Ligand code: HEM
C-alpha cells in the first residue's frame, strides 16, 4: 500500500501540473484557500474518526499538508526556473520563482526604485520579472508596443482589482471598455470641459487666497495640493464641497481613501493578495479603509443623484447613462466602478503632479522666472491661452518626465502570437509592464536624461532622442481621458501662484531632498514632505 505521505506528494504535483499551471487564479484565490481548508478538515476528521486521537490526527494532517504543499511549490519553482518559456530573459531568479519576492522588495512602497535597480542590473528587457509570465520593458518603444495603434494586447489581471465593479479602467473586456470609455469621453469632451472651467477657476482662487494667508510661512505643499485636487474633483465631479481648503484639514473619508491606496504600494505586483484580503479580512487593517473608500465613493454618487442642478458636472453623464439603461444590478456595479475611478483618478493623480511640479519650481527658480515672464499679459484664468506658452508646457512636461504621477503602473498581456519589440520576441500570454519612472530617464530616449531642461520640449528638440518614451498619460485607446482637465488645472494653479510669488524651499529643507528620498509608489506617486515658502513679488 502507498504511504499517505507519498499520496500527498503526488497530489501536490498533480495539482500543479493539471490545475494551477493553466489559466489565471487571482479571482479564484479565496475559493482555492477555502477548498484546501475544507479538504484539510476532512482529512483531520477522517483520521479522528478512524480512532486517531485529537493530537495524532492534527500531527498527521499537518504532515500531509506539508507534503502536499512542498511538492506543489517545488513543482512550481522547478517549472518556472527550468522549463518556462521566459527562462531566457535575464532577471533575479527569486523573482522568477514567486511573486512574493517582488512584493517583499516593494514592502516600503518603493516599487519605482526596485525596478530602476533591476534596469541598471539587467538592461532593456529588464528581467523575467516577478512571477512566471511577466517581463518589464525598459525601452522607449514600450508604450507604443503596449497600447499603440493596432496592438492586440489585453489588460492584465491588475485591472480586476475592483471586480465585480466595472469601469472604463477596471475592465479587461475590450467591448465593455469601448462602451464605458465613450461615456467618459463625452463627460470630458472639450465642450463639457468648458462647463467645468468656472468651477476649477473658483478653486484656484481659493487656493491662491490660502497661500496669501500664510504670508511667507512654510507651507506643506503636499497637503495643500491634495486639498486643492480633492476639492476641485468634488466640485467638477459631484458638485460637492469636500471643504478641505476651507477647513485646512483632511476630510476623514479622504484620509481613509489615501490609507486604503497605500495597500497598492507593496501589493500591486500581486493583485491576488489584496483580493484575498478583501475576501477574508474585510473589517481589519487597511482593508477596512478600502471598503470605506468604496462606500464613500458610492455615497458621493448617491448624494449627487438626489440633486437637480442647472450646470452639468461629470456625474451628470454617468447618471444619464445609468438611467437610460435602467437600474439593473450590472449597471449598478458599473456606476459604482466608474464613480470610484472618478474619485481616485480625478484627484490622486493631479495632487502629486502639482506637488512635484512645485518642488521643481523651487529647485530651479530660473525656470519659474521664465514662466513668470511668459505669463505677463496672458489671461491667467484661461487654460487655452496658458496651453500656448512653451516654457510653462516644457516645465510641466519635464516634471512629468522625471517624476511622473504614475511611476510604474500599467500592464498588459501579449496576444497569443506574441509580439516583437526592437528585434526581441516576447512570447504570447506574457504580462508586460513599462515603468515611467525609469523610461523617463533612459539614455536611449534623452540627452542628459537626469537634468531638468524644459527647453528640450520646444527650442532644444535634439535633447529628445525618442519621443515615444514620454507617455505620462498613456497612449492609444486606454490613455487618460482626464488629461486635458488635469493639464488645465495644473496650468491654472501654476500661473496663479507664479504670478504672485517667488517659490522657495523653507529654511532647513536642504533643497527639498525629502521629496524624492521619501517618495512612495502607491499606484500614484506620494512625494516626500515638501515645505515651501511663497514669497510675495510685491
Ligand atoms: C496629472 C494627472 C493625471 C495623470 C498623470 C493621469 C494618468 C493616467 C494614465 C497613465 C492612465 C492610463 C492607465 C493605464 O494604462 O491603465 C490614465 C487613465 C485614466 N485616467 Fe488619468 N491621469 C490624470 C488625471 C486624470 C483625471 C483628472 C481624470 C478624470 C477626471 C482621469 C481619468 C482617467 C480615466 C477614466 C482613465 C482610464 C481610461 C480608459 O480606461 O480608457 N485621469 N490616467
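In case you wondered, yes, glycine gets a Cβ from its N, Cα and C as well.
Pulled from TrEMBL, these are the features on record:
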BINDING   480  heme binding site
TRANSMEM  6-25  transmembrane segment
TRANSMEM  32-50  transmembrane segment
TRANSMEM  62-83  transmembrane segment
TRANSMEM  254-273  transmembrane segment
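A sphere of 10 angstroms centred on the C-beta of the residue listed as 'heme binding site' encloses 20 other C-beta atoms. Listed by sequence, the residues of this chain that lie at least six past the ends of the transmembrane segment (62-83) yet keep a Cβ under 8 A from its Cβ atoms are 4-6, 8-13, 15-17, 20-21, 40, 43, 93, 96-98, 132. Look at residue 480 (heme binding site): DSSP puts it in coil.
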